[in-house]
Amino acid sequence: QDPFVAFHLDKTLVRKYMSPLLIGELAPDQPSFEPSKNKKLVEDFRELRATVEKMGLLNPNRIFFMLYLCHILVLDIAAWLTIWYFGASTVPFLFSAVLLGTVQAQAGWLQHDFGHLSVFSKSKWNHWVHKFVIGHLKGAPASWWNHLHFQHHAKPNCFRKDPDVNMHPLFFALGKTLSVELGVQKKKFMPYNHQHKYFFIIGPPALVPLYFQWYIFYFVIQRKQWVDLAWMLSFYIRFFLTYLPLLGVKGILGLHLLVRFIESNWFVWITQMNHIPMHIDYDKNVDWFSTQLQATCNVHQSFFNDWFSGHLNFQIEHHLFPTMPRHNYWKVAPLVKSLCAKHGIEYKCKPLLTAFADIVHSLKDSGELWLDAYLHK
């Protein structure tokens, strides 16, 4: 029930689609609550959810999102004007690349808002604008994002259920349990005891330019998502038409690769700081609140941290209430903290640079656990 309530705006409409999936109902004498879940915590969280709704914290301030979109468009235009006015020499070229990298990162956070249905009251309005923001401003497909991201939210850090931890075991050994398991099985796809070093090479710099750029086109063509493909092509057509006269073919390809490199570093550090250092394991089928709290942590609030991370520094609140508009996370945070305190659950919140460092530390720790198990167990 809790994931269903968390993900959907129009619950009546979704129930119509779910009715063919009904296979039966429990008999009156059958237990309706799973023993792996904390019943009191579930009840308290549902009470918190009701409080959140009464406080109006699920209601968006559309001016906030409009201004956010405007600041992205202004940066996009400024990047082009920089090269148009100052020429294609090194300094304006690099400055323009930084502006465009910022556009890509910030458009990534904004498409995330529309993808989670947190801007408009109607799901279809969110979906329409989502296609524009992720498709035309970023050159990526909305269908691909939806396909992966909601699996992540349903079972964060659950191996074989959260696609965000699919890098285990091919590239990284993640989490204490899974790393030891890998070592005991004598599996070595990579030298995991060095993964905290090679993370800097194959992690942040490479994800968007080397992986996403070809995979997303494969995804939309394979699944025949032609509307998404049209939006993606509109991004590339606009980019090439506006920058080709100023930079030529080599210049525009260099600019595009550099922008993707900046975006990739930004994206990976922000998205992984809340999850990789946390508990990673197989799905234990615990309650919604516990599932999210063991897999997520927060980063301290500041104007810069909010902007730089797209408010994903409030990852705990975002995971508990995925349709909540991000400008309200700070309002619900004290309520979440008090519920954690009541049930003895740790509410982790750390400085930004500490959160970055913890990614590397956790990779080092799990790599050492793998090596010990690989050699001695």
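We count from 1, first residue shown onward.
Placed from the backbone N, Cα and C atoms, the Cβ positions cover glycine too.
Given the structure is predicted, the values throughout are model-derived calculations rather than measurements.
Summarising the annotation, TrEMBL assigns transmembrane segment to 63-87, 93-110, 198-221, 233-259. What TrEMBL lists as domain 'Fatty acid desaturase' is 92-348.
Within its own chain, the transmembrane segment (63-87) is flanked in space by residues 93, 95-97, 99-100, 102-103, 106-107, 110, 113, 119, 133, 137, 242-243, 246-247, 325, 327, which lie at least six positions past its ends and keep a Cβ under 8 Å from the stretch. The average per-residue pLDDT of the prediction over the domain 'Fatty acid desaturase' (92-348) is 95, rounded to a whole number.
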